[in-house]
Structures are given as structure tokens and as C-alpha cells.
Amino acid sequence: MNAVQVKILNPKIGTDANFPMPTRATDGSAGIDLRACIDEPITIKAGETKLIGTGMAIYIADPNYAGIILPRSGLGHKHGIVLGNLVGLIDADYQGELMVSVWNRSDTDFVLNPAERMAQYMVVPVVRPSFQVVEEFNELSARGAGGFGHSGRQ
């Protein structure tokens, strides 16, 4: 897969210098930046979550791929701005506007400005295994059923 369909829902995108077409920030960037498609700044209070539109829809079509929306590391580390659902999974057959659940996990209000890069979008391959119901696994792994800290912290 080399292309997905992008539907521009807000006429500012690609025509207003503040709302460029979605692109990667650098040649080495894995994802494209998703910008806040808002008309005026929005204050996200400490602990609050807001759903913010991107002004576009992306249709992948190929069920062997999915889109994921991830937080931007700088916003998360410096300002406590992450995704309310931690990771957004966008199915290949979804055709609606990409929305970003923006969560301010800090104790300080945050102002999100129009066209500000708030998240990133990646297309990833999807593996669809069949499931085989068994009474017991055919081999024991070294880990077994140990979980939630089973392997220690060091």
C-alpha cells in the first residue's frame, strides 16, 4: 500500500497558510502531524478532556492496514497533553472525520491554538490470526502465566 484517500472537510486545510495539508515534519518522521482544526484557541483545563476535530477524513480501505493516532512526545512531556484514549485505533473502513481526544493530565490549564499540532497519525499493518480453542497450550513458555511485574524491575 502506498496511498490512502484523504478527504478535506474544512476548506482552510491546504488553502490557509496556517492550516497546511497533512505532512510529515521530517523525511524520517513515521507519522503525519494532526492539527487542531479550530477557529479560536481552546483552553483545556487541568484534568479535562476535549474532543478536537482535524478537519479531514482518511479512508484506508485495505483491511490489512489500520490507522493509529498517537500523542506527540513534546506535548506529553512538557505540558501533560496526551490522548484521552491513550491510542486511537482507526479501522480501515472508517470514513468519518478524524477526531482527537485531548487530555490535559497536568495540574495547569493548557491553551490549544488553531492549527496546532496535537497528535500524530500512522498507518500500520494488521495481522488477522485465526483462533484455535485449546484445553492446554502445546508447550510451556519460560514465563508461563506470570504477569504484572512478574519479571521484576531491574
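Even glycines carry a Cβ here, placed using N, Cα and C.
Since the structure is predicted, the reported quantities are computational estimates derived from the model, not experimental observations.
Annotated features in Swiss-Prot:
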- ARG72, SER73, GLY74, ASN85, LEU89, ILE90, ASP91, MET99: substrate binding site (BINDING)
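The number of other CB atoms found within 10 A of the CB of ARG72 (substrate binding site), across every protein chain shown, is 21. Under DSSP, SER73 (substrate binding site) is assigned to a helix (H, G or I) in the three-state scheme.
Other Cβ atoms within 10 Å of the Cβ of MET99 (substrate binding site) number 15 in total over all chains. Counted within 10 Å of its Cβ, the other Cβ atoms near ASP91 (substrate binding site) come to 12, all protein chains included. Looking only at the binding-site residues LEU89, ILE90, the densest Cβ neighbourhood within 10 Å occurs at ILE90. Other C-beta atoms found within 10 angstroms of the C-beta of SER73 (substrate binding site) number 10, with every protein chain shown included. Other C-beta atoms found within 10 angstroms of the C-beta of ASN85 (substrate binding site) number 12, with every protein chain shown included.
Spatially close to GLY74 (substrate binding site) yet at least six residues away along the chain is no residue at all, judged by Cβ distances under 8 angstroms.
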